[in-house]
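**Q** The transmembrane segment annotation in TrEMBL covers B:7-28, B:34-55, B:75-93, B:113-129, B:141-159, B:179-203, B:215-246, B:266-291, B:303-324, B:336-354.
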Amino acid sequence: MKRAGQMLFALFGLFVLGGCWNRVELNELSVIMGTAIDVEDNQWLTTFQVIIPQAIASQTVGGGGVSQSPISVFSTKGDSLAQAIQKISLESSRTPFFAHNRILIISEKAAREKGVSQIVDFYLRDGESRETVDVVLSKGPAKSILEVLNPQEKIPANAIDRIFYETETQLSFARRIKLSEFAAMLVTPALSAVAPEIRISGEREHRQSIDELAQTRQKAVLKIGDIGVFRKDKLAAWLSRDESIGIAWLSDRIENSVISFPCSDEEPESRRSTFLVDRSRTKITPVITSDTIKIKAAIDAHGTLDETGCNVNLSKPESIKLMEGQIKKQIERDIALSWKRAQALKTDIFGFGDKVHIHYPRKWKQLEQQWFDKLPDIELVSDLRVSIRRTGMINDSFSSKVKE
Amino acid sequence: MERIGKYELAAMIILFEVGSSSLFQLGAKANRDAWISMLLAFAAGLLLLGMFLYINGQEGRRNFADTLRRHFGRWLGTLVAAAYSLYFAYESMRNVRDFGDLMATTFLTNTPISFIMLVLILLSGYAVYKGVEVFFRTVGILLPLVGFSYILLIVLFFASDVLRTDRILPVLEDGIAPVLKAVPSIVMFPFGQMVVFLIFWQFAQDKSFVPKVSICAYLVTGTILTILNVCNIMILGAPLAGISSLPLLHAVRMMTIGAFMGRIDAFVVMLLFLALFVKATLWYLSSVVVLGQLAKRTDHRAFVAPAGVLIYFASFLEPNYIYHIWIGIEVSTLRIFPWFQIALPAALLLIIAVKKRRSKR
């Protein structure tokens, strides 16, 4: 009798501990790689990029022929985000699975009108989606971004993530903003959140066709565009690419970058050289006196000369000095451009407010409320140290040899 | 007679204390200075631990219920011991509910919480049925696994660049007052919960190692908890860490190393499960052991089932998780726990000290 009871108990355990209540079958899932959020008729319009597993598998084996699109895109509408997402089941044969979602594209309209708080709340609250998803903005409808195929990657959402990674590490003017970081920026009172824009460049009507992949030059490609600046949780303005490189300099985010600079103040603009930044450090120190606020930016950058069209003798240390002077001027111009724009917009995209908060916690209490209004009166003093460490595989400029 | 070794005792203290505390952002009221509150509470908890150890040192191998009866008198002593048993059961129920809700929000979203908690209470009941020695040895086996995981987690935090030191600056912006305000609740949870070992120290193989081992293990847990607390703030920032219902889990989810290591949150949830199981079971066990002592029986097993049923059904009393957390923070920690963690032990200490003085004269 006792034995039978034990057996029964063990059997019961088997059933319970299998966890079958929450079973998820792999072939019943649709893996969502990218999400786009638009606003239409005051409703949320969510668009999803879903992997077609068979299409991806066949391409790896066959290699040659392109027959089926590796992804499928569909849109749903709802009064709330969760409702819109639930409506997938009206048209999808599989359960949506969000854990592999790589990018979240928010349209300008949604970011301007509705604000992003609700979207962030939804993502932080939901257990399945990751906080490491990249937040991206789009000027046009966000859904169309997800329709563009990329020749180099099978899954376009992965391609977008990779494009950001490449830009971040090679050019530094735009970087990936993860949802976690985006949320942290939004809740820091004196910081204005930023997020990069992605756009379709080329002929938009060709973007959806799988036949596109048979061409060597795509008619439509995805490209990183401007940087969106937020005021509270609403999109307020765009910074152009030229205006945004200064953000990277002032917030110590330069990993690698190329700076093209003129040979000298007198020479024509057409002759320029390029400096490749290997490493850079920026130290921001606010200095507050009784009536003025100054922000000191000490930047220390070094790198390699990448190309030159100038007629210089690079074996002489003084010509290197001259070039360094030109690079400094170029960086100063870049920084000034960003700073002026930020001042005009009354947004703090560099986190200067945070620095003041840390250095002057007492004074910050009075400044906090009117920080953004104070921005135009703040003086930015930059102190640059640029050093060209190496000049690559040749010393003297090739141009100078041609002329002799 | 059941006996606990040095290592088992240390293992239990570490797992028990780290336990469910890493679920919450302790001292969230102090914002980015939470870690200072944490250190202060840690120091205050050390005083409490000293008090518990002193009481234990005076009583030799006498069990807890007998100690209470001896010093508070027969009736009052019995009443106090019964109250302790109830308190332990309540603490156990809190952990069972934590476990249920953690599971329901993370892994098993469709499984009814009643089922999840039933599985836990059955498992705990089995461990309690097996007794003190077996359970302590089980935890001795679990410690290397959990300890290694926590160390790995902290190393990974530092290896991936999610830690931002400027998130804990400026230190003490609003002065010391908000920091001090957050201290009492951290003293009660988790540091003051060391009171449970008043039941178990008497089982030590050799009573002389008890103070040293207990204090060392306590220092280890305090360090781990403080590091995790600081990491949470440095990763999430104080505002997000404050609103997150599972800050450690959120923090872990933010972490990616290279392009391949991400999503190790499943691993952290497992860690939290283990810790919650240990904690719920130890409270359950202590409640049952005290009942056994009250009934003057060497065998406590008769009480396993009734206590289990009580704990299981009590865990349904709260209508939702919000209420569960609210009652934990606002009511229990500040109105109920101080009685069992400070007032009663202090009264006991006072009586023992007075009696000792008299007998010397």
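Glycine is treated like the rest: Cβ placed from N, Cα and C.
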**Q** May I ask whether the transmembrane segment (B:75-93) has at least three C-beta pairs under 8 Å with the transmembrane segment (B:7-28), counting pairs 6 or more apart in sequence?
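**A** Counting Cβ pairs under 8 Å, fewer than 3, so no.
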**Q** Same chain only, please: residues at least 6 beyond the ends of the transmembrane segment (B:266-291) with a C-beta under 8 Å from a C-beta of the stretch. Say none if there are none.
**A** 12, 15-16, 18-20, 22-23, 64-65, 81, 84-86, 88-89, 91-92, 95-96, 98-99, 102-103, 106-107, 120-121, 123-125, 127-128, 132, 135, 139, 142, 145-146, 149-150, 153, 196, 199-200, 248-249, 252, 300, 303-304, 307-308, 311
**Q** Tally Cβ pairs under 8 Å between the transmembrane segment (B:141-159) and each listed stretch (B:34-55, B:113-129, B:179-203, B:215-246, B:336-354), then give the stretch with the top tally.
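**A** Per the Cβ under 8 Å count, B:215-246.
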**Q** With the transmembrane segment (B:336-354) as the reference, find which of B:75-93, B:113-129, B:179-203, B:215-246, B:303-324 contributes the most Cβ pairs under 8 Å.
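**A** If we count Cβ pairs closer than 8 Å to the transmembrane segment (B:336-354), B:179-203 scores highest.
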**Q** Do the transmembrane segment (B:303-324) and the transmembrane segment (B:34-55) come together with 3 or more C-beta pairs under 8 Å, pairs six or more apart in sequence?
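**A** With fewer than 3 qualifying Cβ pairs, these stretches do not touch.
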**Q** Which listed range (B:34-55, B:75-93, B:113-129, B:179-203) shows the maximal number of Cβ pairs under 8 Å with respect to the transmembrane segment (B:215-246)?
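**A** Answer is B:34-55, with the largest number of Cβ pairs below 8 Å.
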**Q** Can you name the far-off residues of the same chain, 6+ from the ends of the transmembrane segment (B:113-129), with a Cβ under 8 Å from a Cβ of it?
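**A** Contacts with the transmembrane segment (B:113-129): 92, 96-97, 99-101, 103-104, 135, 138, 276-277, 280-281, 284-285, 288, 301, 304-305, 307-308, 311-312, 315-316.
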**Q** The transmembrane segment (B:34-55): which same-chain residues, six or more beyond its ends, come within Cβ distance under 8 Å?
**A** 25-28, 67, 168, 171-172, 179-180, 182-184, 186-187, 191-192, 194-195, 197-198, 201, 210-211, 214-215, 218, 222, 225-226, 229-230, 233, 238, 241, 341-342, 345-346, 348-349, 352
